[in-house]
Amino acid sequence: MKKKAVILYSGGLDSTTCMAIAREEGFEPYAMSFDYGQRHSVELATAKANAKTMGASEHLVVSFDLRKVGGSALTADLDVPKEGIGAGIPVTYVPARNTIFLSFALGWAEVLGAFDIFIGVNALDYSGYPDCRPEYIAAFEATANLATRAGVEGTGRFVIHAPLIAMTKAEIIRKGLALGVDYGRTHSCYDPTPEGLACGLCDSCRLRLKGFAEAGVTDPVPYAVRSKK
């Protein structure tokens with residue numbers, strides 16, 4: 001019988017590839033997505049449409065409103081930067097987002113009897129978010145085994161899998177294509193147009209387009225503008 005794994009699944013390029021990797025490694029995926037008041041809710045609609053296609057046995061969407069907290073261009077009335085990828089932590093960082101997401105995933109994993117959680121964080125072609133680093137993943141894994149009944153009673157050890165963390169975006173794309181991922185059914189933009197098109201200029205779009213260019217593949221997603229940098 002396959003081992004269950006909870007996959008943090010946004011509907012974007014990285015999390016979709018992560019789901020495909022979990023399947024390749026023999027896990028039964030249980031997808032978890034979040035409706036947290038994000039301005040790029042097109043991505044969530046993509047996740048809802050494609051979770052079953054990607055092989056998820058279940059798809060759980062958790063709703064809460066981080067707009068009440070604010071502090072990010074994704075959850076507050078702040079402009080999403082379009083000038084290019086800068087230094088430092090950008091305004092698109094959502095305070096403690098991955099900690100919140102992983103905590104929900106940990107709770108569901110414990111209920112499911114799953115000890116494996118997959119998250120598509122990346123520390124190479126990324127925007128500089130502090131909760132995408134290897135040391136953060138290691139620290140949360142340690143916390144997971146201290147903060148749960150299963151961890152304390154020793155019935156199992158939780159593992160946080162971050163298979164993309166040391167891969168370039170081009171390597172991620174090549175891996176996904178080798179596993180049959182249809183990237184035309186993913187969405188990564190932070191600030192889509194009213195029609196749902198990727199803007200092509202935010203950090204996420206720039207990193208995605210750069211990855212496809214370096215992989216020698218055309219991105220199948222339509223863009224309002226296709227950034228060259």
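Cβ atoms here come from the backbone N, Cα and C positions, even for glycine.
Counting every protein chain shown, the number of other Cβ atoms lying within 10 Å of the Cβ of TYR9 (ATP binding site) is 31. The ATP binding site annotation in Swiss-Prot covers TYR9, SER10, GLY11, GLY12, LEU13, ASP14, SER15, THR16, THR17, CYS18, MET19 and rests on sequence analysis.
Classification of CYS199 (Zn(2+) binding site) by DSSP places it in coil, neither helical nor stranded. Annotated Zn(2+) binding site per Swiss-Prot: CYS189, CYS199, CYS202, CYS205, in sequence order.
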Query = What's the CA-CA gap between GLY11 (ATP binding site) and CYS205 (Zn(2+) binding site) in angstrom, rounded?
reply = 14
Ask   = DSSP three-state call for SER15 (ATP binding site): helix, strand or coil?
value = helix
Remark   = Using a 10 Å radius on the Cβ of CYS199 (Zn(2+) binding site), the other Cβ atoms enclosed count 20
Task = Report the same-chain neighbours of THR17 (ATP binding site): residues 6+ apart in sequence with Cβ closer than 8 Å to its Cβ, ordered by sequence.
result = GLY120, LEU164, ILE172, ILE173, LYS175, GLY176, LEU179, VAL181
Query = Distance between TYR9 (ATP binding site) and CYS202 (Zn(2+) binding site) at the Cα atoms, whole Å?
reply = 21
Query = Per DSSP, to which secondary structure element type does CYS189 (Zn(2+) binding site) belong, with helix, strand and coil as the options?
reply = coil
